[in-house]
Amino acid sequence: MGLRCAGTTAAMTGLPPSSPSPARGLPARGLHVITWGCQMNVYDSARMSDVLRPLGYQPVETPEAADMIILNTCHIRDRAAEKVFSELGRLRKIKDERTAHGEQTIIAVAGCVAQAEGQEILARAPYVDIVLGPQTYHRLPEMVARAARAGGAVIETDFPAEQKFDFLPDAAAPQTPGNLTAFLTIQEGCDKFCSFCVVPYTRGAEVSRPVASVLAEARRMVESGVREISLLGQNVNAYHGAGPQGDVWGLAQLAEALAAIPGLNRIRYATSHPRDMDAALIAAHRDIPALMPFLHLPVQSGSDKILRAMNRGHTADDYREIVRKLHEARPDLALSSDFIVGHPGETDEDFEATMQLVRDVTFAQAYSFKYSPRPGTPAAGAPLQVPEDVKDARLQALQALLREQQDAFNQSLVGQTVPVLFTSEGRKPGQISGRSPWLQPVHVTGTPDLIGQELPVRITERLTNSLNGVLEEEKVYA
Ligand code: 5AD
Ligand code: SF4
């Protein structure tokens, strides 16, 4: 399914200056990481910062101050390559300016566009020094050394035999220290080959990290103050990691072990495929209170014909049945999803089946996209491409319905008391903000010492994309 997009141009700069200092003797060098796309890219950017820290690289706020700039790219939807080339044009100017002042700048392009279009990038943007696919981040220090030595471009877009997770350093406190929520990649790649999707080509075959390494990383996160972990994977519920006894663990078993870590209040996972929503995982939603009752379960379409054409391997009724079982296991569970309108061959009738599925299931939140052909995927060359104006009209109708459902879901919380994990000061003075179990931002009047706690809040008001509430007296977790 890929992962939910964290925003198209969300920039982040790796770790703040308070992270562990560089290896002794090496001069401090500035690193600026620009991250586009999904949560997994956010996680990958933090790990690239980790592997470069021993070389003396420290995060800096702006590309102008950076000796190395990494552009971590996303290829999931439209015009990905053009966006990359336009951003590279901007970075080239910065590099030229720095060169004029006698400063060297390494530009690296990482992520899925690098994987899919590596040669094209080197041909069209020869000032790029390093092109690396998502499976080769652990080799970054060696690539930096090679780039500095050779003066020519270095490209690493193969799928190496070794697993990158075995070679990434054990960061003492991965990601931003002081964070209360964190991402943790447990699985990567995809073997499902949906007709429209580039992920199996850019991220490669499905691979799960061993249980011990996931648990060790989670414990380190909790020790550094993390209270909520989002497990990540392109097909996260297909997780099948090697267990400590040489056995194979599924996601349900892993969630149970994670829930036993003292101090870890909340566990989420994304993104899931309906075909991998097995009985054990459904039961885990009943048995593990820390597993949040909010599930991103992309369905893409409500038409059996289109689901078949998409190679999804399930019907619309299969999806309805999975949702019924999930609600049986955890009645307060709410759903999020991804939809594509205008897949090749989609008729008005097929689109109406999607609308009907949305009416039947009801979603608390959802992402919907116009189908856009990705070169090299089966659907790109399929006959019966849907005209752009038809896709536009369908997307508008679907988004209106989904918005209505999202507003209704948020409204249904008004008057209820829900646990909120407070993570920051609010935008208004005297306010603190956090997240509900269903991920809505919740604002209350409260003091900063409550940040880090999970407390009951009575919801008083629905705003456009968040909720207002008041703190209840009794504490859920001290
Ligand atoms: N066109 C439109 N949407 C796409 N997605 C993936 N590939 C395409 C494409 N070619 C959407 C799917 C997926 C989400 C991450 O992005 O809905 O679940
Ligand atoms: Fe998800 Fe299908 Fe893409 Fe795999 S091929 S990442 S299941 S949309």
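Every residue gets a Cβ built from N, Cα and C, even glycine.
Pulled from TrEMBL, these are the features on record:
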type	residues	note
BINDING	C38, C74, C112	[4Fe-4S] cluster 1 binding site
BINDING	C190, C194, C197	[4Fe-4S] cluster 2 binding site
DOMAIN	29-149	domain 'MTTase N-terminal'
DOMAIN	176-408	domain 'Radical SAM core'
DOMAIN	411-473	domain 'TRAM'
Near C112 ([4Fe-4S] cluster 1 binding site), which residues of its chain come within a Cβ-Cβ distance under 8 Å, counting only those 6 or more away in sequence?
G37, T73, C74, H75, I76, A80, G133, P134, V198, V199, T202, R203
When a 10 Å sphere is centred on the Cβ of C74 ([4Fe-4S] cluster 1 binding site), how many other Cβ atoms does it contain?
25
What counts of helix, strand and coil residues does DSSP assign across the domain 'MTTase N-terminal' (29-149)?
68 helix, 25 strand, 28 coil
In angstrom units, rounded to an integer, how far apart are the Cα atoms of C194 ([4Fe-4S] cluster 2 binding site) and C38 ([4Fe-4S] cluster 1 binding site)?
18
Which binding-site residues, if any, among C38, C74, C112, C190, C197 have a Cβ under 6 Å from ligand 1, given in order along the chain?
C197
With respect to ligand 2, which members of the binding-site residues C74, C194, C197 satisfy a Cβ distance under 6 angstroms to one of its atoms?
C194, C197
Residues of the domain 'TRAM' (411-473) by DSSP state, where helix covers H, G and I:
5 helix, 33 strand, 25 coil
Test of understanding: give the count of other CB atoms lying within 10 angstroms of the CB of C190 ([4Fe-4S] cluster 2 binding site).
25
What is the separation, in Å, between the Cα atoms of C197 ([4Fe-4S] cluster 2 binding site) and C38 ([4Fe-4S] cluster 1 binding site)?
15
